[in-house]
Amino acid sequence: MDDAVCPTETDNVQNKQKATTPKRTQRRGGKQQLDRPERALFCLTLKNPLRIFCIKIVDSKLFEYFILLTIFANCVALAVYTPYPSGDSNITNQMLEKIEYIFLVIFTSECVMKIIAYGFVLHTGSYLRNGWNFLDFFIVVIGMISTALSNLVKEGFDVKALRAFRVLRPLRLVSGVPSLQVVLNSILKAMIPLLHIALLVLFVIIIYAIIGLELFSGKLHKTCRHSNTGEYLNDLDELHACGVGFKCPSGYECFDDWVGPNDGITNFDNFGLSMLTVFQCITLEGWTDVLYSIQDAMGSSWEWIYFVSMVILGAFFVMNLILGVLSGEFSKERTKAKNRGDFQKLREKQQIEEDLRGYLDWITQAEDIEPDPDAQIIEDCHKNKVKEVVSIDNLKDHENETQQTDSWFRSQKKYLERINRRIRRACRKAVKSQAFYWLIILLVFLNTGVLATEHYRQPIWLDQFQEYTNIFFIALFTCEMILKMYSLGFQGYFVSLFNRFDCFVVIGSISEMVLTSSELMAPLGVSVLRCVRLLRVFKVTKYWHSLSNLVASLLNSIQSIASLLLLLFLFIVIFGLLGMQVFGGRFTFKPEEEKPRSNFDSFYQSLLTVFQILTGEDWNVVMYDGIRAYGGVFSFGIVACIYYIILFICGNYILLNVFLAIAVDNLADADSLSTIEKEDESQIQLDNQIKNEMENEEYLQNGDHISFKAEFGADLDTYLQDEECGSYSDDENTYNKLGGVKQRVSSLPRRNTNTDMDRIKKDIPYGTSFFIFSHTNRFRIFCHRLCNHSNFGNFILCCIMFSSAMLAAENPLKADASRNIVLNKFDYFFTAVFTIELVLKLISYGFVLHDGAFCRSAFNLLDLLVVCVSLISIFFNSNAISVVKILRVLRVLRPLRAINRAKGLKHVVQCVIVAVKTIGNIVLVTCLLQFMFAVIGVQLFKGKFFSCSDGSKVYESDCHGTYLFYENGDINKPRLKEREWKNNKFHFDDVAKAMLTLFTVSTFEGWPTLLYVSIDSNKENGGPIYNFRPIVAAYYIIYIIIIAFFMVNIFVGFVIVTFQNEGEQEYKNCELDKNQRNCIEFALKAKPVRRYIPKHSIQYKVWWFVTSSSFEYSIFVLIMINTVTLAMKFYKQPEYYSEILDALNMIFTAVFSLEFIFKLAAFRFKNYFGDAWNTFDFIIVLGSFIDIVYSEIKTKEQALATCDGQSCNKAKGGSTLISINFFRLFRVMRLVKLLSKGEGIRTLLWTFIKSFQALPYVALLIVMLFFIYAVIGMQVFGKIMLEEGTSIDRNNNFQTFPQAVLVLFRSATGEAWQEIMMACSPRDDVKCDPESDAVNNCGSSIAFPYFISFYVLCSFLIINLFVAVIMDNFDYLTRDWSILGPHHLDEFIRLWSEYDPDAKGRIKHLDVVTLLRKISPPLGFGKLCPHRMACKRLVSMNMPLNSDGTVLFNATLFAVVRLPLAIKTDGNIDEANAELRATIKQIWKRTNPRLLDQVVLTGNDDEVTVGKFYATYLIQDYFRRFKKRKEQEGKCDQTENAVTLQAGLRTLQQNSPALKRTISGYLDELASEADPMHRRHHSLFGKVMSSLLRHEEITSSKIKHLSRTKTIPYQVEFLQHKVQLERNKDCLTSASDDISIEKIIRKQNKYNGQYFNSEANFMDNIKYTPRYDGEEYEMEDPKSKDKDEEF
C-alpha cells in the first residue's frame, strides 16, 4: 500500500514542477509575441512562412554573431584603405571598393529581414523604434544612395562625404557589450544636466565673442613689410602682428594687408571666427598666442584682462561643472546597476530556494515510505557476511606480508618525513619573519638602484657590474621563490596574488637572461622584457598596508575602466576612420613645405592624431590644417572645424572626465573597505594566535600522526590571514590605510582648537623665559600684553603687507638701481620691526624648552626663519656671496607670516596640508610607476634623440663644417650655416632626465613633438630616420593612459574627496547633513525684500505695466534681437551696412532708455536704484548714450577734416582707445541682463555667486602662492635676455612683477610651461640681458624645482580646490530634483515680497496658503495641491501666530524648509524642538535668541500657532462635511440621539457670523478665488473669542445627555470647555482666549493619549470612527471624497 502511495506523491511533485516550467517559458514567449505586430508592412501576418523564417533568423544568436563579425571585418576593410591626394588610388583601394558592395548587401539583407520580422515603424516594438536599428537603417540608406550616385554620375560629383557615414557602423558593437552600456548610459543620462551647462558655456562664449568682435575686429591684419621690396618680415618662419605693441624694425613699415595669424583663422573679424577663437581659448590651447598677437597689435595695457577673465570664468569654472555633473551621474548609474544586479541575485536566490524547498518536500515524502523490514534484515545479514569474509582474508595477507617484508624502510620514511616537516616549519617561520621581510625589501631597493644607474655613455665596468648584479639578484629572487614554495607548498604559495606576481617576475627575468645571452630576440623586445624586473618594486606594497589597499582599489577600478577603455578605443577608431575619409591625403599644402606629422593619411597615423586631439595637446594646430585642407576661412573650409570641436568635446570633456568619475567612485569603495578591514584586523590576529597555538599543541601531542589539515590546511589558513592582516611590523600601524581620510582629517579640528589664537593669547606659559623672566615678571607680562594687543597685531600685518609689496617693486636687472637703494632702506626698517616683534614674543612665550614656548609652533618657526634670513642678508650685504643671494630670495616668504594671523587662511592651509598627507600613498604609487616607465624609456631611447642641424647627415662623425640653407625654401636666398650636433631638449639619457621628460608628458604638454622624435629615433649616436620605429608610440599611449588618464585623475579625485571631507569635519558631530545645514543657514540669515507699490493711480498703472510678465518678455525678446544685431558686424563691412547697424543700435538704445524712464517713473529714485539690476540697466543706458554721442562727434570730425593722410590716421588712432574699446562694451553688457530672466539661469547664477563666496580664503592662498613665485621668478630669472623665437621674449618674461604673474598664470593653465622652464634652465643658448649687471650664467638650475613645484601646486592642488567647491555647490544639478536645496529658497523671498511689499517680515496666515500654492514643489505645494491638503500641511508646519493673525518671514521660511527635509520632525515634538535649538546654537553661535524663539518653538503650551489654528479649522470642516453628507442621505427615522448630534454640530458650525468669517476665513471660497496680491493687516483673535462668548449658553445637562448617548468624545470635550468659557465670561482676557482655544485643541488630542503637532498624528486622530447607536459612520477622507479638489 505504502509502495503505491509514495511514487504517486513523488509524481505529483514532479508533475507540479513540469506544470510550472512550461508556464514560465510560455510567459517569456508571450512577451516576445507581444513585441511582434500582427501584420508587418500591412501584408505579412505572423503565420506567413517568409515572416516566420525572418523571425527565426533575426532571433538566432548565430546571426547576431555573424553581423558583429561582419561589422568587425568592415572596420578592418575601412582601416586598410589608404587615402591619396587628388582622387588617386591603388589596386588595394579598388579591391576594397568592390568588397564594400558585399558589406552593403549583407547589411541591407539584415535590415530587410528585421523590418519583416519586427514591422517597420507603426508598432511599439517595431524596427525604427529602436535607436540602434535607426542608426543601421540610416547608414544602409546612405550607403545605397552613395553607391547609386557614384554609378549614375561618373564625374563631377564627390560622394566621399556620404561614404563617410560608413564609419558609424562600429557603434553597433556597443549594443553587443553590456558593460559598455553602463558607461554609455551614465553619459547619456548626464546629457540633461549637461545641457544646462552647455547653455551656460554657450552664453559665456557668445558674450566674449561679441566683446572680442567689438574690441579686436580687424586688429590682426597689420604686419611688417619692407618699404621697397614689399617682402614680409619673418625671421622666425612666421609672421606676427604689428602696431602699438610691436614696432617694425628700420626699413620696414606696418601694412594693413595681411590675412592674419594661422592663415586668417585666428581672429575676431566676424561672429563665427570670434566664437571659434574664444572656444579655443577656453580649451586652454593656444590662448597665449592669441593674447600676444593682440598685445603686439594694440599694446599691453588692458587686453590681458579680457583673456585672463575668460580663462578663469570659462575654463576653470564653467568647464569644471561638466566634471561635477559627470561624476555625480556616473556614481548614480553605478549604484543603479549594482542595485539591479543585487536584485537579480536575490531573485535567483529565491528561485533556487523555491526549487530546494520542492526537492526537500520530495525527499521528506520519500523518507516517509517505509521499506520492507524483512528484506532489510536479509540485506544487512548478507552485507555483514561479505564484510566478515573480506576482513579475514585481508588479515591473513597482512600477517604474511609482515613476516616477509622488513619494516626498516617504513621507519626511515617516517623519520625523513618528520625531519622534512620540521625543516618546512622552520622555513615557514623564517619566511614570515621580520628579518626576511626587511632583507627582501632591501634587495628590491638595491636591484632598483642598480637599474637606475643605467645611462647614456656609461663606462664598460658599469655595464659588466649591471650584468653580474642582475644575475645575482635573479638568483636571490629565485631562491626566495623556491624557499617559499617549499615552506608553504604549491597550493599555499599560489593562493596569494603577490606570490603569483613574484613567480611571473622571476620567470620573466630568467627568460630575459636566456634570450639576451643566446641573442634570439630583437633588442627592443629584450629591453621591454628587462623592465619586468622593475615590477619587483611593487613587492613593497605586499608589506605596506596602506599601499596594498590602494593597489587593490586600483585593481578594482581597472574592471570599471576596462569597459571605458573599450568605449574610448571604439570612439578613437570611429573618429580615426572618419578623419581618414574626410581629411585623408589632404594635408599637403605647398611642395616645399613638409607635411604635418599629425595627419590622417593612414589608419595608424589617424589613430595617433585622434588620440592627440583627445588629450587636447595642440588640437587647434591640427584643426587649422584641417581648415586649410578645404580651402581655408574664405571658402567651405571653415565647416571642417565642426569635426574637431565635436571630437574635442566628446573626447576630452566627456570621456576623460568619466575616468575621474570612476576613480572617485572606486576610492570611496576602498575607503569603506579599509574601515571594515581595520575593525576586523585585531580579531584576525587573535584567531591567528589561537590557530598557531593549537597547531603547535597538535604537533607536540601526535608526533608522527599530524593530520593533513594541520600540515597543509592550517598553514594555508594562517598564511592567508597573515597576508590579509599584515602582522609583519609594528611600524605598519603608524601608516593609515588608503581610505583613512577620515582618521587623518579628524585630527584637524583638534589641532585647530589647540592652536586657536585666542586660547594661546590668554595665558603666559608657566616656566622661566631664557632662564631669566619668570611668568610673574612685570616686563614679561608687559611684553605679553603688547604682543597680544589687537592694534600691535594689525600693525605687524600692515608691515608684512608693505614689505611684501616692496619686494615686488624691486628692479631685477640692476641690483644697484636707485629704486632698489630706496627700497633697501625701507627693508632695514621692516626688518627692525620684525626683529623687535620676534624678541617680544620670545620673551613673552619662552624659546623652546617648556610647553607653549615660541618654537613649539610650526608657524612661529616660519616667522623665525624669515626674520633670521632678513638679518643675515642685511649683515652680509655683498652680492658676491651666492648664499646671500639665495637668502635674499627667501625674504619672499614674508607673506606666509600672514597665515598665522588670519584664521580662515590658516584653516585652508591646514586643509591643504592634510590633503597632501592623505595623498602620500597615491604620490608614491605614481612615482613607482613613473620610475618604471623612466627606466623602460632609458632602455628604449638613451642616446637616440641626437640630430644634426643638416638633415642629410645621420651620424655625429659626419656633422661638421657648413651647409647651404635656403631661407623659407626660396632658392634665390642661399645661406651658409654651421652644422651642429644637438640633443633634444627632453631626452631619456638617464633616469632623472627620463622622469622629467615623462612628467611633462603626463601634463599633456609637448608630447606629440616628443612622440615623433621617438618614432624617428634610430640607434645610439645616430640621427633621426623618418618613421623608423612607429611601434614605440605604444609606449607613450600606455604611459598616458596609466599615468595621465588614470593615476593623475585618481590623484585629483582624492584631492577633491579630501577637501570635501575636510569641510564636513567641522560639523561631524551634529546630526544635520550638508544640505540641511545650508538650507537652515539660508532660512536664518534671509531677509524679506522690499517691493514698492505706488499709491498714485497713474503711477500705479505705469508700475503695473513695467512689472507685468508681458513687459518682461518683450524686453527679453528685444535683448535677444539686439544680440543678433551685435553679432552681425564683420570686418570690412560696407559703409551702408555700418550705418544700418548704427541706426539699429540707436533704436535699441532708445527702447532701453524708455524702459529706464518708465521704471524710474514707476519706482521713483530711491526704490529704482535700490535694486542692483536696475542700477546695472542705468549704467548700460548711460554708457550707450555716451558711446553714440562720442562716435557721432568723431565721425563728423573725420568727415570735416581736410587733412593729409598722416594726420587723419593720427586722429583715428586717438579716437579708438576710448570710443570703441570702452564704450562699445556697454552694448554687449545688455546681454548680461538675460541672466536676470528665467528661473533656471537665475538658480545657476545664484549658485555661481555662492561658489565665489565660498572661495575668498582659497583665492587669498592662490594670490599668495602667485605672489611668492612671481617675486622668486623676478629675483632668479629676471636677468635673462628677451630674445625672439625663445620662450622668454617681449611678451613673456620675469622682468616686471605683472609680467611675472602673467607667465605664472600661463604656466598654471599648462600653456607650454615646459618650454619656459627650459628657457630658464642653465643652457648655453640662455643669454643675459645687456642692461643687467650679470654677464653670463643667467639661467639657473632652480628652474626645474621652481616650475615643477609650481605646476604641481597649481594644477593638482589649488585649481582642484575650485573644482571641489564647484562640485559641492552644483551637486543639485545631478541630485534628485525633488529634494529641497538652498537654490530653491530664493524663489520664496521673491514671492513673499508680493504679499509683504514693505518688507515688514510678516503676512496674514491666510496668504501663506496662497503663497505656498504659487511655489512649485519641493519648496511649495504647487498650483495643483487641493486647498484642504494645503491647510493640512500648515498644521504640520506649525509657525507661531501673532495676535493680529500674521506669521513671520523667517519662521515661515524655516518651517517650509524643516518639513520637506524632515529636520527633527519625528517623535515628541517638544523634545525634537529642544534638540534642534541646541544644534542651531552649536553651529550658528551668533544666532539671535529672539529669532531662534520665532523659528523653533519653545515647549510653552500657551503659544498660539498656525498648526493649532488650522487643526481647529480642519476639525470643523470635517464635521461640516460629515453633517452635509448625512443630510443628503435624508434619513427620516432619526432618533432623538441623532437630533442631539445635529444640534451639537449646529452649535459648532453656526456659532456666529464672526466665528465663521474669522476662523474659517472663507477658506472654501478662497480655494477657487484668484490669489490676492496684497492684503491689509487686521485683528483676529478678539473677534473669534467675542463671537464664542456671545453665543447662547449650553447647559451641563445637555452635555451629560450627549456623553450618555455615545456621541463623538472630542465634540463633548469641546462643548465642556465651551461651558467653562461661559462661566468665566467676565474675567477672560485676549490672552486667556488664546489659552482656552489652545486647551480645547490639546484636550481633544488627549483622547488618544498623545499630544500631536505633526500631520501624521493629526490625521490619525481625525480618522477616528465614531459609533452611533450600533451603526458605524466613517468620517470622509478628503482624498477619496473630495473629487473636485483632487490633484
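Cβ atoms are placed via backbone N, Cα and C, with glycine included.
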Candidates are ASN90, ASN400; I want to know which one Swiss-Prot annotates as N-linked glycosylation site.
ASN90
Could you look at GLU238, GLU253, GLU285 and say which one Swiss-Prot places alongside GLU617, GLU1005 in the Ca(2+) site?
GLU285
Scan 41-59, 497-515, 1504-1522 against Swiss-Prot and say which stretch is down as transmembrane segment.
497-515
Same-side flag (membrane), SER146 vs ILE558, source Swiss-Prot:
no
Spatial neighbours of ASN90 (N-linked glycosylation site) that are distant in sequence (at least 6 apart) but have CB under 8 A:
THR82, TYR84
Helix, strand, coil: count each for the residues of the region 'Dihydropyridine binding' (1327-1389), based on DSSP.
38 helix, 1 strand, 24 coil
Going along the chain, which residues at least six beyond the ends of the transmembrane segment (100-117) come within the CB cut-off of under 8 Å?
36, 40-41, 44, 50-51, 54-55, 57-59, 67, 70, 73-74, 77, 127, 133, 136-137, 139-140, 143-144, 147, 166, 169
Going by DSSP, is ASN90 (N-linked glycosylation site) sitting in a helix, a strand, or coil?
coil
Looking only at the region 'Dihydropyridine binding' (979-1068), what are its DSSP counts of helix, strand and coil residues?
58 helix, 4 strand, 28 coil
For the region 'Dihydropyridine binding' (1327-1389), what's the mean pLDDT in this predicted model?
81
